[in-house]
Each structure stands twice: as C-alpha cells, then as structure tokens.
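Encoded as structure tokens, the structure appears first; notes follow it.
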Amino acid sequence: MKINMPVTDKEVLMKKSEILVTRTDLKGRITYANDAFIAISGFTREELIGSSHNIVRHPDMPTAAFDDLWTTIKQGKPWSAPVKNRTKSGDYYWVEANVVPIYQNGVLHEYLSARYAPNREQITHAENVYKKLNANIAKLRPTGIAAVAKAVSETAISKKVALALTMILALTGFSIYRLFLAQEYLPLAATSVLTLVAAGIIASLTHEVIATLETCIYALYCIADGKFKNRLNLNRSDQLGDLLRGLYVVQVMLNSQLAESRQMTTDALQINRALDNVHSGVMVADPNFNIIYMNQAVQRLFKKAETDIREQLPDFNADKLMGANIDIFHKNPAHQRDMLEKLTDSHRSELTIGGHNMVVVANPVISEDGERIGVVAEWLDRTVEVVVEQEVAGIVHGAVMGDFTRRVEIQGKDGFFKQLGEGLNELMETTESGINDVVRVLGALSRNDLTQTITNDYAGSFGQLKDDANTTVDKLKEIVSQIKEATDNINTGAKEIASGNNDLSHRTEEQAASLEETAASMEELTSTVQHNAANAQQANQLAVDASDIAGKGVEVVGQVVRTMDDINESSRKIGDIISVIDDIAFQTNILALNAAGDQGRGFAVVAVEVRNLAQRAATAAGEIKHLIDDSVVKVAGGSKLVTQAGHTMEEIVGSIRGVTVMMSEISAASTEQTAGIEQVNMAISQMDDVTQQNAALVEQAAAAAESLEEQAQSLAVTVAQFKVDAYSRHAFDDMPQTKSTGSFQKAKNQATYMPAKSVARFPEPSRSAIKAQPISQLASDEWEEF
C-alpha cells in the first residue's frame, strides 16, 4: 500500500455546493479531474492526469476500505463511503465518495467518482470504524449468521420467490397428503385448486415484477450509457406502472437536460473554437489562479518564446501550462494574487519574461450569483513591437545626431512591422543618399570646387533640395565668374585711380600755391575796397546835404508858384469887374438910344452925354481889359514858367534823392563788399587749409588706391581658388601678387581734419554723384534671392 507523506493535522473543508469529480480507467489511473478536485487537492492538472488515484490517499485510510472498493466496483457495483484524502501539502479533507462503473455498449469502460461534502456525524462514524479496521478489531463486512443473513437478503428476487413457492408447495403438499390419507376428498380438491391458483398468481406476479425490474434496470443502464429513448409500458395502472412512468419521466428529463447540456457544450465549443482562432492570446484561470484554458494563439505565443523563457525559468514547459498556476509568471505572487482577488475591472500590466515584453490584460469572471469564478487574461507579445520601437527610436536618435546609416532589421518581422521596417529603411536610404549628395556638394564648395552637382533622381522635397543645390552651385559659378571679371575691372580701376591721384596730388600742390597768391591779392583788394567804401560814405553824405538844399529850393519855388496863382486869380477878378463895367456902359448906351428914340427928344442932350460917357467908359474899360488881359496872359505865362521851374526843381530833388539812394546803396554795397571780401579772404584761407588737407587726403587716396589694387589682386587670387571648370583653377596663377605695406593706414594717420565752421559752408555733393556704380551684374534679382 502506498503511504503518502508528510501529513498535517490541518483539515480543509469542502463547500456544501462543491462536487469533486474524477474519472479513472479500469486500472485506477486518473483520466479527468474537475477544477474543484484540482483546487482542493493542491496538485496541478498535469500532476493528476495519468497518475494513480491513490496519489490523494491518506495514510489513515485502512487497506480494507480500498480492497472493498475495488472488489465492489470490479463486480460492476457502485461503492459509497466516507473517505479521508490528503492534499499535496499534507493537509486532509473528508469526502462522501461515490464510485460507479461506466459502461459503453454493455462493456465496462471506466469508473466515475463523485464526491460530496459529508456531515460531521458521517465523519465521526467513519473515523471510529477506520480506527477499528486499522487496529484489526473490526471487519468491514459481516461474518457468520450475519453474513448468511446478508447473503440471503442480497439473493435475487426470482430465487427468493422460487424458494418461497417451494416452501409453500411443500407445506401445501403435506396438507394435501394428510387430507388424502383421511380420504377427505372435497377439502383435498379445494386445497389443491387454491394451491395451484395461488402458485399461478405468485408466479405471474413474480414474472411481471421481475420483468418490470429488468426493464427498469436495462433502461437505467441505457440512461447511464447515454441512451434516453427506451420504450416503457406507460399503460399499467398498478405500482409497477407508476415505477415505469416515473422512470420514463426521469428519462425524458435527463434527455432534455442532456440536449440542453449538449447545446451548452456546443455553444461552449463554438466559443472555444472562436477563442482558439482569435489573434489575441486568451488564458482562463480558476479562482485559485490555476490555468484551465488556453487558446491556440497563447499556446503558440508561449511555444515560440519557450526557449527564451527557459533562460529565466528553467522548468518552464509550454506544453504543461494547462493546469499550472499563474504564479509562475510573477516574482511576487502574493501581490499579484491580492490584486487579482480584488479585481473588479480590466487591469493592464506589462512584464518581461525571458527577454520577451508581454502585455497582460486581466478581467474578472463573475457568475450569475456574483461569485468570482475565475480570471480571463489576454496575452500579447510586444517583443517585436518593442524591438521595432527601440530600433525606430535608435534610428530617429541617430538621424537627430546626423547618423543616417542605421536600418531596421527586417529578418524575423512580418506583416505591419515588416512593412514599417522596409518603409523606414527606404526612407533612411533616400535621406542618407540625399544628405550625402548635399554633403558632397557642400564639401566641394568648402574646398572651392564648384564642379560638383547632384545627379541622382529624387522626388518631392529631396527633388527640390537637389534642384536648389544645383541651382546654388550654378549661381555661385556665375557669381564667381562675375567676381573674377569685376576683380579685373577693380584692378584696372585701382591702377587708374592711383595714377589719377598722383596727378591730382601735383595739381593740388599747384592749387595751394595759387591760393596763396590769390590770398595776397585779396588782401590788397580788401584794402582798396575799404578805401572806396570810405569815399562812398563821404559822397553819400554830400548827396544827402544837396538833397536837403534842393528840397528847400523846391519849397521856395512852390511858394512863388502859389503867389503867382494868387496874382493870376486877382487879375482874373479885375477882368471880371471890367467886364461888368463894359456891360453897364453898353446897357447905358442902349438905354440912351432907346430914350432918344422913344421917350422924347428932351433927353437928347443928356443922352448924348451919357452916351459919350458910356463910350469913354467902354473905351477905358476896353483898354483896361486889354491891359489886364495882357497882364493875365503874362502872369499866366510867368505862373507856367514858375510851375515848370517847380517841376524842374522837384525833378532835381528827385534826381538828387536818387543819387543819394544810389550813393547809400553804393556805400552799403561797399560795406557788404568789404565784409564779403573779408569772408572770401577767410574762405580762401580755409581753402588753403582744406587744400593742405586735400593734399594729405590725396596722399591717403593714393595709398587707398594702392591698397585697393593690392586687395583686388588678393581677391583675384582668392576667387581663382574656386574651380568652376577644368581650367579655372589656374586662371590667375600668373597674376603678380603684392603684399600690403600699410601705406593706406599710414596716410590715414597723417591726415589732419579741420573742424567745420559756420563762416563758410560749401555745398555738399549730391548723393547720386557719389553712389557707387556696379561694375558688373552682381546685384541681380537672382543674387538677392540667393
């Protein structure tokens, strides 16, 4: 007998609702164990499947109990008794074991064990019995009369009935024999008939009961064999009919439940097949976190990673994961168990096993009663993805650091990651090629080689980069060529400037000498002008005095003119009076004539006298008038002459005043001329100073021109270093090269600048006059764009 050790005194209690189920072959090897049995036993499914059923045997169980078990089930009979089992850790648990033989097609196929949770009375009774059996003070089966009684009680019904009929017939035969001896033929006949009738009834009843029982037994075995369509007589109205009907109801119910179970099994199988064919790896664990299901994806996942995982877990076997505990994947199982036991929603975690980056998404499985019945986990091997991420990160980092030589390893990748790797590699190759071309061209530019261009074909931005780079090289070629041409022009211009500056220097010296002579002449002219200005001032004063005297003469002539006007006016009035006297004489004469003719001849003498008087008055008046008229005419002529004299005096005065004004202007002009000559003299002095400065500046300009010539030659040498064609490198090799002597800086240091003064300001040259004119087309739009 196998003794499993060690053992402890710790009892593990079964749940009332649990049923521990196992199946064994005819030799007692376990072929199936449900999750409840695996959980309470402590063994894994792999450890149980294929092992002998005595792997859970406890040392306290007597050998007689197991002998009785095997004796019973080998006879094709069920066996039931309380059994004490041992867990893997040595703890124990009690079960009410029920072992039944399973037939297929009438042949014993296997044994099925179903274990229930026993009550405490059963456990106590079993402990007492097993102690006595182990102490050999009790027997499991009865002996002696008890054994005979048990054997009789277990005799077949047909035998019991036959025995009873035999005894009844024997007793009845003895009674018939006594009646026959007593020659009591009527009681003998009655007894014989009744005996035969009773025997027939008993035989018929026995046959029907036995036949019905055999039918029921057959039907039950058929049901046990999975056959639920057994024909039963449902028309009997006796107890046997009730038995058959009850069995039929059980058969129909079991058949319906079997159909439902098959449907559930089909559904579960469909789900199982569906899970087996999903891309994600799915694993299901029971409440004790033992693996009870793995789909094909997760099996392939662990099978593929098995070799790598064994480096970290040497005992790892992908083929034996079913039934194993998920603790094998965790360094801290207690923490993971606590987290999973409290899990109410999805939980995502990442772990690294054997160099493989695994992502596990766990979800609790809750029954309809709200009981946690397991955990379903989705497994994803992100190793390739992580490798790709790391490779991509490395490539990106390398690209950031300027390294475009890195590539994604395509081997071992498929699907999206292969396409991604190929795309990245193509991108890096294109980028590397484009960058290398640009580096090559720019390197050539750094070596003054303008013959290198990009010839590879590119699209998009790289194509634009190619075009821009080639255009840049072409523009630089054009610019360098233009600079070379401009350098020649600058060199020639510098030489001409230097020559012109030499001539200008000589002319400036001559101008300085002329300015000195001009300054001396201007000093003499200034003295003469000052003397003229003094004479002009004296003449101006005399003109002013003459103007005053003429003004006074004009006033006197004016007074004469006014007096003559008065005389003329008096003469005119006298003439008027004489005219009146003449008129009176005339009228008197007229009156005298009229008186002489009309009024009488008496006044003739008077009239003659009056007439004579009138005539003399008229004659005198005429003479007076003639004299006055002549006087008036003469006065008028004198007045006219006086008026003309007054006008003449006014004209003289005006002329004198004009002369005075002109003399004043001449005096002022002489004064201003004196001041201007002084300013001109000062300006000439300044021009002399400026000329001296110009002489120094001319020397400086000459030095600058010489320096410019040297720089132009240096620029030509520098530009000549650019290779724009096969011959341009040596284009300026024969050009004379000079070194700057620093004459420009020396002349600059010797130049003296005069501070600006407000006395004389010279006009500034226009900006357009000093604006630099381009020698060649260096400031084109293309250059500005470049």
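Sequential numbering from 1, following the chain as shown.
Glycine residues also receive a Cβ, built from the backbone N, Cα and C atoms like all the rest.
Same-chain residues lying 6 or more positions outside the domain 'PAS' (21-60) and placing a CB less than 8 Å from one of its CB atoms are 2-5, 7, 12, 14, 66, 84-89, 91-93, 102, 108-115, 130, 134, 286-288, 290, 292, 320, 322-325. Residues annotated as domain 'PAS' in TrEMBL: 21-60.
If you look up TrEMBL, you'll see 161-180 (among others) marked as transmembrane segment.
Annotation source TrEMBL lists transmembrane segment at 186-205 (among others).
Residues or ranges marked as domain 'HAMP' in TrEMBL: 435-481.
This prediction places the mean pLDDT of the coiled coil (466-525) at 78. Taken from TrEMBL, the feature coiled coil applies to 466-525.
According to TrEMBL, the feature domain 'Methyl-accepting transducer' maps to 486-709.
Residues or ranges marked as region 'Disordered' by TrEMBL: 759-786.
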Legend entry - DSSP helix/strand/coil residue counts for the domain 'PAS' (21-60): 15 helix, 11 strand, 14 coil
Inset, instruction - Sort the residues of the domain 'HAMP' (435-481) into helix, strand and coil with DSSP and give the three counts. - result: 34 helix, 1 strand, 12 coil
